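Listed in TrEMBL for this protein:
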- 12-28: compositional bias 'Basic and acidic residues' (COMPBIAS)
- 111-321: domain 'ABC transmembrane type-1' (DOMAIN)
- 1-28: region 'Disordered' (REGION)
- 45-68: transmembrane segment (TRANSMEM)
- 110-134: transmembrane segment (TRANSMEM)
- 154-175: transmembrane segment (TRANSMEM)
- 181-201: transmembrane segment (TRANSMEM)
- 243-265: transmembrane segment (TRANSMEM)
- 302-324: transmembrane segment (TRANSMEM)
Amino acid sequence: MGFRPPGGQTDGRNRKDGQKGRTGRMEAHPLIAGRRTREGFRDRLGYAATLLSVAVILVAVAAIYLFVFSRGLATFFVNHVNVLDFLFGTEWRPTLTEAEGGPKFGVLPFIVGSFIVTFFSALIAGPIGIGAAIFMTEIAPSWGRKLMQPVIEILVGIPSVVYGFTGLTLIVPFLREHAGGLGFGLLAGILVLAVMILPTVTSISVDALSAVPPEIKAGSYALGATRWQTIWRILMRASAPGFVTAVIFGMARAFGEALAVQMVIGNGKNMPTSLLEPASTITTVITMNMGNTVAGSVENNVLWSLALLLLLMSTVFIFAVRWVGRRGRLMSR
């Protein structure tokens, strides 16, 4: 009989062999390990790319704000133009010499003109856009929405110069013939802007109506409400924050529009007293005069101050949209 080691030694060797076997089985295959390494690299690369994208956006926005603020504030800190005279003055005479009491950079007529065309264009486009959205989502058959959606998208894609040229060809002669005056004025700018912001208001209103939970509408019908009662008392109230957001976005676009308004508004420099008189907005003054000034001159810096006003108003519109959205979420709870 051969020698056999004690049972304890045999069990110890078996356990060691088993551990080695299990350890060997736990080690990943080289192909799998390589694939995991590549996937990890791709994950890190994707994270870095998205982080870089965010950084580029933040840097671009910060650069725009810093540049516009630095150029816009130079009017008051370098050229020593009085802030109150700038904001509330009614005379725009940049070429007036000091001996003649100038130059004068009162921009109140342009601020008033900007708010007038913005407010009245939103007043026209708001109800029409919301009504069109209600028709598309609640009343029209499926083919109606399929027909309306491309029309809205076409209106969004039309260049500003086409709107302006159309207004110059159709609206200005119509107003000249039926309302009197030259046809150029605030009313022409209002009508052109109303058409321009209409697709924006309509699209956002459609999204607001589509976001209403279907259970709310079904519950209204279950209680015996008619279609119009459901639309008026349920859907419109539930979508009210979205409608306000749509109108604010439309106003933001109207406030910043330049070319189309410039072609029909008449570019008058006096305080507007009638919708039929030629007037100007902040954007039209900038586009009309920026190319005729020397960089660093007081005239150029004043135009940058107007650009700063536009930037601040755009910021106000953005915060207004966020505030309305936050209020809407709180009300929905």
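Don't overthink the numbers, they just go from 1 along the chain as shown.
Cβ from N, Cα, C; glycine included.
Annotations in TrEMBL come from automatic prediction, not curation.
Values in this document were obtained by computation on a predicted structure and should not be read as measured data.
Proximity of distant same-chain residues to the transmembrane segment (45-68), defined by a Cβ-Cβ separation under 8 Å and at least 6 residues beyond the stretch ends, is recorded for 304, 307-308, 311.
When each of 110-134, 154-175, 302-324 is scored by its Cβ pairs under 8 Å to the transmembrane segment (181-201), the top-ranked stretch turns out to be 110-134. Counting only same-chain residues 6+ beyond the ends of the transmembrane segment (154-175), those with a CB under 8 A from a CB of the stretch are 181-185, 187-188, 191-192, 195-196, 198-200, 203, 257-264, 276.
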